[in-house]
């Protein structure tokens, strides 16, 4: 029967959910989606159990009065008493009531509700834009996904127990006390009023310090996680002690918030004990006085005293529940700052899947800056024909990777449009866009899964034969066969460690190349794709790369010309945002290229020959400077299999356009 209740709430609903709204109440309401009926049932059952517990004291008083009236050994009176039969019936009924409440709370909600929230939160984070993760600790985000879900459950359970449960209980005991004598209600009403004032004083302060503690916990977790994630750097610079002290500073902040919380808890505990003692003395003493006056019976004294003692235990429980409640509310509010943020890059409501026909890429008057701080691209036009191979060469920070990130739509352009085969990428789904693009980066990180899983990430339905073929083409099969891990796995089943730390940089890059080969997308992006490979392996893998590039549109990024030089006519170096005069001229040499750039540059710009890493055996770099100079980068048309020389391909310069 318990297993049947466990299936009532699906923890993994298939439908996507929007980011929850701001505001604690609205956030909690959104988190109850799909479970509100069960939460309402739990609240009603909790109220029923509270009424049952309160009525036990009434029955206790009636039993005491009966025992006072009966003579010892009078079995007939006991058998004929409707009170005892009523007590027995209520006790038997309570078994089903408590069992049902327990199953709804523990089988339906306790596991499924937080798991459902984690499932929803995790999918929300996976849909976040790349810029979101650039500004957050990964460990901090993980903590918020995990802890916020658990804290939402605890907040809901506590509110259900305190509001309907305890609320109904106190109303019931006041009514029962009034049933013996209306004046016996006064001590309980006075206690509730004073306890409420104490809560009004302490609870907001506990809530504030609870949020501060949640922030401190997230910061502490983030710093510790950051050190573990970058443990190689920590070891390389012998900064273990430095990292320990860096984490200790966050731990000190957490300690201080914890001390402030416990000071408030201790003060609340003392005040609560004073109020409870006053209630026991007041209610019990007043009941005795009324009994002495003959206004109430012995049962009333017993019931009132028992209720006051019960309130003693419940008040301490309520205090700790309120402390826990606001600690969890603080955790929820801390998580809300992250979980309620929608992604900056979103699919249009009517977005369709991208349909690739040839892989033509067009940048049409594209402008872009990062957070309004630094203009990277301004009115850029670039046309890449289907199957064309383009190389981008330039200094770090020039905007090469930005161009790639915009094409992948990791960021939205400020102005202009980017199209693939005539389709604006802002009007197609992000999944279909990135499915049409394969990319190998210089900073290759792998998932902490097996080699097989990492290669198959490019095509999840690939067969083992296809995976092995891709690995062989990437010159990765040799080292893969020699791998093993402490779990006893070997070869393609070997776990690579977090971010692939068990593999060398070259091995990780070969796995990444195999993954892209398996994906076989029509557009290929290579960002220093062989930077981690030794020259011998690079030569061996080049034939496979050339084969993979056949029929594909390729954009290759390099900080220096050599990665594209060996299979091209040589990159053309031209720095500058735009040229104002239309010109068409073949570039034969660096000198001719320099003259062409000078010819099309606007008069106010200064053309200068600059000795740089471009000059070292690879021709002369041209720098265009002036009021509108911005982010120089290089565009070159490369052809696989062509011998390297200092001849340049045909260059077409037009207004705001460089087509090579």
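Just so it is clear, glycine is given a Cβ too, placed from its N, Cα and C backbone atoms.
These figures come from a predicted structure and were not determined experimentally.
Taking Cβ pairs closer than 8 Å, the transmembrane segment (38-63) reaches residues 8-9, 32, 83-84, 86-87, 90, 93-94, 97-98, 100-101, 104-105, 108-109, 156, 160-161, 163-166, 168-169, 172-173, 176, 179-180, 297, 299-300, 302-304, 306-307, 310 in its own chain, all 6 or more past its ends. Residues annotated as transmembrane segment in TrEMBL: 38-63 (among others).
For 40-327, the entry in TrEMBL reads domain 'ABC transmembrane type-1'.
Annotation comment: TrEMBL describes 83-100 (among others) as transmembrane segment.
According to TrEMBL, the feature transmembrane segment maps to 155-178 (among others). Distant neighbours of the transmembrane segment (155-178): 28, 32, 39, 42-44, 46-47, 49-51, 53-55, 57-58, 105, 109, 113, 184-185, 188-189, 192, 283, 303-304, 307, 310-311, 314, 318, 321-322, 324-325, 328-329, 332; these residues of the same chain sit at least 6 beyond its ends, with a Cβ under 8 Å from one of its Cβ atoms.
Annotation source TrEMBL lists transmembrane segment at 184-203 (among others).
According to TrEMBL, the feature transmembrane segment maps to 270-289 (among others). Same-chain neighbours of the transmembrane segment (270-289): 177, 180, 183-184, 186-188, 190-191, 194-195, 198, 202, 296, 300-301, 304-305, 307-309, 311-312, 315-316, 319, counting only residues six or more beyond its ends whose CB sits under 8 Å from a CB of the stretch.
Summarising the annotation, TrEMBL assigns domain 'ABC transporter' to 361-601.
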Residues from the same chain, set at least six apart from the ends of the transmembrane segment (184-203), whose C-beta lies under 8 A from its own: 170, 173-174, 177-178, 264, 267-268, 271-272, 275-276, 278-279, 282-283, 286-287, 290, 296, 300, 304, 307-308, 311, 315, 322, 326
Other parts of the chain folded back onto the transmembrane segment (83-100), taken as Cβ under 8 Å at six or more residues beyond its ends: 45, 48-49, 52, 55-56, 59, 62-63, 66
Reported mean pLDDT - the domain 'ABC transporter' (361-601): 76
